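These features come from Swiss-Prot:
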BINDING   ARG28, GLN29, ALA30, GLY31, ARG32, ASP78, TYR155, SER210, HIS325  substrate binding site
SITE      ASP78  site 'Transition state stabilizer'
Amino acid sequence: MTGANDTPYLLRAARGEILDRPPVWMMRQAGRYMKVYRDLRDKYPSFRERSENPDLAIEISLQPWRAFQPDGVIMFSDILTPLPGMGIPFDIVESKGPVIDPPIRTKEQVDNLRPLDPEESLPFIKTILQSLRQEVGNQSTVLGFVGSPWTLAAYAIEGKSSKNYAIIKSMAFSQPEILHSFLSKIADAIAIYVRYQIDCGAQVVQLFDSWAGQLSPQDYETFALPYQQQVVRQVKETHPDTPLILYISGSAGVLERMGQSGVDIVSVDWTVDMAEARQRLGRDMKVQGNIDPGVLFGSQDFIKARILDTVRKAGRGGHILNLGHGVLVGTPEDNVRCFFETAKQVDQLLAVPV
């Protein structure tokens, strides 16, 4: 049995242990705000290469670890990474984002999708996760991540990022049987992918349903929640002790429903006050978040004040400190350092109420 002190701090919190301070990491903590990342990107301009070449992905994942020592190290990857293994090719065009051509629009295309075999199509993921575990040891928790079915379907059906999601919503409201079939196939594939990440070394896995906040609560219950539950249920059948986190951008309208997904931790965006989020989700649900990424453009005193306010509102236990979205491009690295340093001193700066 591994002793508590041999278990990484974030993993202990994710399992429900009461600690002196909330663990801390940042979504997109490896990325364009860091000069070392930009230098590497200039040398290797293809995002697919940076995220699928193990040596590059490992190096990028470890850049913020070396700079700031976060309590979580998340593998550098993309939510679309498993799609080619299902028969959905994609590319990522710098400054434009993902492109899927041809997009998935017909029943025949959905029927022709193949089950995901990550050993065959995603072997680099094993190398990345195993290496990260080896590099950070028990000093940090290694996180994996996946896209949730609605968001992956939105990319695949729209063919690119979208502002209004008219094409997938058109399918949802005029040909729902095609969409439900597609969502179920994605859910099965993502459950396999999460299990694979855990088997390869991920200690916590975050599900990103980034675009589910674009759904009305009624449609969220029809097209997003059941497939989140399908993924979580299948993962928990085989890996019941691995904590799962769910993040949705613009989640204020569906926050309680996120708690119904079966995940262990709900990642709250900054549009909800953390005290209110705690009340709406109930004290038994652990939370993550939820500093506005824009706060990191403020003064360091302002950053510290916002961190203390959020931690105070979250209360003691069951909280992982994070942003309410990814780090923004152009964020000063010194302010990111201030964020992490303050977070690690929270217990001294603040008597956290029970």
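Heads up, the Cβ atoms here are built off N, Cα and C, so glycines get one too.
Features recorded in Swiss-Prot, as mapped to the structure shown.
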residue: ARG28; record: substrate binding site; Cβ neighbours (10 Å): 18
residue: ALA30; record: substrate binding site; Cβ neighbours (10 Å): 24
residue: ARG32; record: substrate binding site; Cβ neighbours (10 Å): 14
residue: ASP78; record: site 'Transition state stabilizer'; Cβ neighbours (10 Å): 17
residue: TYR155; record: substrate binding site; Cβ neighbours (10 Å): 26
residue: HIS325; record: substrate binding site; Cβ neighbours (10 Å): 23
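The record assigns ARG28, GLN29, ALA30, GLY31, ARG32, ASP78, TYR155, SER210, HIS325 to the substrate binding site, and the maximum Cα to Cα distance across that set is 23 Å. ASP78 (site 'Transition state stabilizer') sits 12 Å from ALA30 (substrate binding site), taking the Cα positions as reference. Reduced to three states, the DSSP call for TYR155 (substrate binding site) is helix.
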